[in-house]
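Here is the structure we will look at, set down as structure tokens.
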Amino acid sequence: MSSAAGLYQSYAALLAGALGPIWAGAHASLVMPKAEKRKLRTLEAKDGKEAADVEEEDEDEDVERLTREDAYWFPILGSCVLLGLFLLFKYVDKALLNKILGWYLAAMAVAGLARSGVKLARRVLGERRSRRLDKWRLKLTKNSKEHSTFAFNSLHLYCIPLAIALSASQMCTGNWILSNLVALSFAFNAISLLYLDSFATGSILLAGLFVYDIWWVFGSKAVFGKGANVMVDVATSFEAPIKIVFPKDLARGRDFALLGLGDIVLPGVFLALALRFDYHLALKRASIPFRPSRSFPKPYFLSCFIAYIFGLATTILVMHTFRAAQPALLYLSPACILSVSLCALVKGEWGEVWGYLDGDEDERERREREEREKEKVGEKEGRVEDTKEAPAVPVNGDATKE
């Protein structure tokens, strides 16, 4: 294979490697609001479906959403971590540092690989077959109070040992294919579990990372001297699955092109938010609730997904033309934000897009449930007080006068 053909193949592989976890992770992030789920279960039960067909296999995972404050801090904390790694690799033995950080990430990778494997297996088996699998639930309690619970099925018993073997093999061999497998599982899990609370938060995050990426690729030379590139130095020194790589010469397996996970995950969580917004609109307009596995219009997600493709292709083109590393978020951040904004203008939904709060239905329902519980507690306490203050009544009905 010619060097030019090998180079183009590596670029295509990086593009495909970025799009895969974004598509899969965004769809895995879809969660049906609890109120809509109860309505659907009621309707399905009326249609005579068995309980096993109505119930979900697992309870919804508790998620944490990034807020505006988190978005403001993200580039600052990211800069501190990046600078710290740069200084460590500069003054500490690289082999020792890679071994310590590598085994730490290998331990973290086990959970990511196992979860990805279970999700893939459930997809292959289908919902009905997956529900028939044996299930267990471990509960951690203290003084009869439940602190945490872990639900798993027989798929976990196969996927966890396999994940341990893959992670250990990647750490021991450093094979680039295994490294990519671990990196892709990291990206998939991050996109499917890391939620933005609004498009405003996502735009603030991407705008901050736009500046962050430009500074640490181009601006760091002004501080650390000519030829210094903090971002590239850390990415190439850190021999861990924090990037996807592909050899420019596949036969020899060397001279790798690379793409950092940050350029996949951070735009990816924005695309996942766009998909959840599409689902929110579809549910709002549907006469009967439906699960996210069903097909529905996805204008915001697809427009943002296409914009991401063009943004990453532009990054690769500029990198190839100037033979220099490029800050991918320089192109990806504007592409994602502008695509959603343009779609909102065309569809006449500008206010709805920027006023959307992800998970607001469940949060509102949670607050209402807490208020109802407080009212019940208050009523019980009131009845107890009334009982205490009630005057004593003579047993025989006679009262004495002085």
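Backbone N, Cα and C atoms are what each Cβ position is placed from, and that goes for glycine too.
Summarising the annotation, TrEMBL assigns transmembrane segment to 12-32 (among others). Long-range contacts of the transmembrane segment (12-32) within the same chain: residues 40, 60, 63, 119, 180, 184, 187-193, 195, 244, 246, 257-259, 263-264, 267-268, 271-272, 274-276, 279, 289, 291-292, 301, 305, 308-309, 312-313, 316, each at least 6 residues beyond the stretch ends and with a Cβ under 8 Å from a Cβ of the stretch.
According to TrEMBL, the transmembrane segment annotation covers 71-89 (among others).
If you look up TrEMBL, you'll see 101-121 (among others) marked as transmembrane segment.
If you look up TrEMBL, you'll see 150-170 (among others) marked as transmembrane segment.
Taken from TrEMBL, the feature transmembrane segment covers 176-196 (among others).
The transmembrane segment annotation in TrEMBL covers 203-224 (among others). For the transmembrane segment (203-224), same-chain residues at least 6 beyond its ends with a Cβ under 8 Å from one of its own Cβ atoms are 66, 68, 70-72, 74-75, 78-79, 82, 196, 230-232, 262, 266-267, 270, 325-330, 332-334, 336-337.
Feature annotation from TrEMBL assigns transmembrane segment to 256-279 (among others). Distant neighbours of the transmembrane segment (256-279): 7, 10-11, 14, 17-18, 21-22, 25-27, 29-31, 66, 78, 176, 183, 186-187, 190-192, 194-196, 198-199, 202, 205-206, 209, 231, 235-236, 242-248, 292, 296-301, 303-305, 308, 311-312, 315, 328-329, 332-333, 336-337, 340, 353, 356, 358; these residues of the same chain sit at least 6 beyond its ends, with a Cβ under 8 Å from one of its Cβ atoms.
According to TrEMBL, the transmembrane segment annotation covers 300-322 (among others).
As annotated by TrEMBL, region 'Disordered' applies to 360-402.
Taken from TrEMBL, the feature compositional bias 'Basic and acidic residues' applies to 364-389.
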Query - Interface present between the transmembrane segment (176-196) and the transmembrane segment (101-121) (three or more C-beta pairs under 8 A) - result: yes
Query raised in the report: Near the transmembrane segment (176-196), which same-chain residues lie under 8 Å Cβ to Cβ, leaving out any that are not at least 6 residues past its ends?
Result: 17, 20-22, 24-26, 28-29, 61, 63-66, 71, 105, 109, 112-113, 115-116, 119, 166-167, 169-170, 202, 205, 240-247, 253, 256, 261, 264-265, 268-273, 358-359
